[in-house]
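Engineer: For reference, the structure I am asking about is given below.
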Amino acid sequence: MEAEKRLFLKALKEKFEEDPKEKYTKFYTYGGWEQSVRKREFVAANEKVLAEKRQGVPLYNPDIGVPLGQRKLMPYKLSGTDSYCEGDDLHFMNNAAIQQLWDDIRRTVVVGMDTAHSVLEKRLGVEVTPETINEYMHTINHALSGGAVVQEHMVEVHPSLAWDSYARIFTGDDELAAELDSRFLIDINKLFPAEQAEALKKAIGKKTYQVSRVPSLVGRVCDGGTISRWSAMQIGMSFITAYKLCAGEAATADFSYASKHADVIQMGNALPGRRARGPNEPGGIQFGILSDVVQTTRVSDDPVEQSLEVVAAGAALYDQIWLGAYMSGGVGFTQYATAAYTDDILDDFSYYALDYVEKKYGRMGTKATMDVVEDIASEVTLYSLEQYDEYPALLEDHFGGSQRAAVAAAASGIGVCMATGNSNAGVNGWYLSQILHKEYHSRLGFYGYDLQDQCGASNSLAIRNDESAPLELRGPNYPNYAMNVGHQGEYAGIAQAAHSARGDAFAMSALIKVAFADPMLVFDFSKPRKEFARGALREFDAAGERDVILPAK
C-alpha cells in the first residue's frame, strides 16, 4: 500500500504535533492533565460534588498515582467516521451509546408463537387469525412496558420510564405478514436486500416469532436473567386477555412453559455457577450471535466494513463491559478495546489484507488450507508490524504490545476469511499472527495475554467438541478464552468476515438477524462505530433514564 494512502495517517497527524515518522518527542511540556478538556471538566465537577454531596470525603484527584500528562493525552478518531473525541469519552460509563448497545441486546428475547397458537387451537378450541394476532400484539405492547391486564387494582409503570419497551412480530410467511398490522411487523422484505430477504425467509419458514424488548431500566435494576421472565409473564397475561381465557385454565401452564422455556431464544446462554451470571449476560453471547446482532450487512456491500463493525461492537461488549467490569471489576480495559475501533489502524491493516487476497487468490477464491493460512497471515502480520516500525507515532498510539498484537492478528484473520470463507481458517490466521508477532518482538503484551493463542491452533482442530466448536458457536466462556482481553471482539469480527466473504444473509441465526433489523431499536446496529462517536460527543439520546421520577431542577 502506498504510504500516502495509509488510512491511519490522517488520525496520527491530528493526534500528534510531530510528523508521524519523527523518532523523537517531548515530555512534561504539555501542561499535565490540564491539556485535556475532559480532565478539566472532571476536576470542576469534582469540586462541585465535594461541596454539595460528599461531606468532605475525597473523590476525584488526577494528581494521585501516576502523574497524568507527561505525554500527549491524545484524542481518538472513531474509525470509519470523521469524529474525534477524548479517550475518557469512550469509557462505557461515560458513553451512553455503548451502554445502550448492551441495554438493547440484554433486554431482547425472541419467543416462538406457534406453540402458544397450537395450545389455543388444539386444547382450547380457540381460532387464531391475523385479526386475533393483531389484538394480542396490541395487548402485549401495553403489558410489556408495565401496564396491567386481567387483574384490577394493579400498580403500573410510568410510560416515560418504559417508552423503549415494545413487542413486534416477524414471519417467513409473506401471506401472513401482509395481513398483520404493519405497526407490529418487522418487515423482512423492506429491511433487507432482496437476496438476503429470501434467504432469511427460507430459514425461518412459515413460523412466527415475537421479539420482546423489555424496558432498559429492568435490565439495569435486575439482570439479564430477568428479561425472559418479564417477557413470559406479560405474554401469558396478554394471551389470557386477548383471547378471553380463564386465568386458572390448565392450558395457561403451557403458555408459561412455552414463553419461559420451550420456545425462547435468549441472546446469551446461562453461565457456570462460578461466573454467577444467568442468561442474557455478555459472557454467554456467542460470537455468531453478535455477528447477527450487528446489521452492517444490510446497508453496506463492503465485507471489511461489515467485519470491522462487528469487531467494534464486540470490543465494547466483551472487552470493556464483560472483561473490564463484570470479570475484573475495574476500569482499565477501555484502551484494549479502542485499539480495534479508533484511528483507522485496524481498517488500514484489514484493507491491505483484502487487497492482497483479491490480487493473489480472489475473494472466496481458494480452499482453506494451512498453506493459505500461513501465506496470508504472514503477509498481513509483517505489513502491520512494519507500520509500527516506520511510524513511531503509530507505536505511541498503540502504546501496549497487546493492542498491536490484537489488531495485527485481527487483520490476518479477516484476510484469511476473505480468501476462504472459512471462520476456522480465519481464527487460525489470528493464532499464527500472534506466534509470528512474538517471534518478531519476543513478547506480545501482559503476561498471559497469549495463553489462548499458543494452544489455539491445536484446539481449533481438536476432536473434543468443547475445544473444536466452530468459531461462531464459541463465546467468552469457551475454554481458554475466559480472561484474556483484546481477543473476543476480534474473534466475533473474524466469524463475520467468513460470512461476509461468502455473501451470507446471516452468520448463525436468521432469527437474531431479523430481530435486530428492527428500526425501533434505540441503538443503530448497522453503524456501531458511528453510534459510539455520537455517544462520545454527547449526541446520543439513550433510554432508561429516570428524570420523570426525580426532583425537578
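Including glycine, each Cβ sits where the backbone N, Cα and C put it.
Reproduced below are the annotations present in Swiss-Prot:
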BINDING   Q151  coenzyme F430 binding site
BINDING   R229, K260, H261, R274  coenzyme B binding site
BINDING   Y336, Y447  coenzyme M binding site
Engineer: Using CB atoms and a 10 A radius, I'd like the single residue among the binding-site residues Y336, Y447 with the highest neighbour count.
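Structural biologist: By the 10 Å Cβ neighbour count, Y336 comes out on top.
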Engineer: If you measure every Cα to Cα distance among R229, K260, H261, R274, the residues said to bind coenzyme B, what is the biggest one in Å?
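Structural biologist: Answer in Å: the longest Cα-Cα distance is 24.
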Engineer: Given the binding-site residues Q151, Y336, Y447, which one's Cα is the least distant from that of K260 (coenzyme B binding site)?
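Structural biologist: Sorting the binding-site residues by distance from K260 (coenzyme B binding site), the top entry is Q151.
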Engineer: R229, K260, H261, R274: which of these binding-site residues has the sparsest Cβ neighbourhood within 10 Å?
Structural biologist: R274
Engineer: Which of the binding-site residues Q151, Y336, Y447 has its Cα closest in space to the Cα of R229 (coenzyme B binding site)?
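Structural biologist: For R229 (coenzyme B binding site), the closest Cα among Q151, Y336, Y447 is found at Q151.
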Engineer: Between the residue listed as 'coenzyme F430 binding site' and Y447 (coenzyme M binding site), what is the CA-CA distance rounded to a whole number of Å?
Structural biologist: 59
Engineer: Near Q151 (coenzyme F430 binding site), how many other Cβ atoms are within 10 Å of its Cβ?
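Structural biologist: There are 8 of them.
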Engineer: How many Å lie between the Cα of Y336 (coenzyme M binding site) and the Cα of R274 (coenzyme B binding site)?
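Structural biologist: Answer for this pair: 25 Å between alpha carbons.
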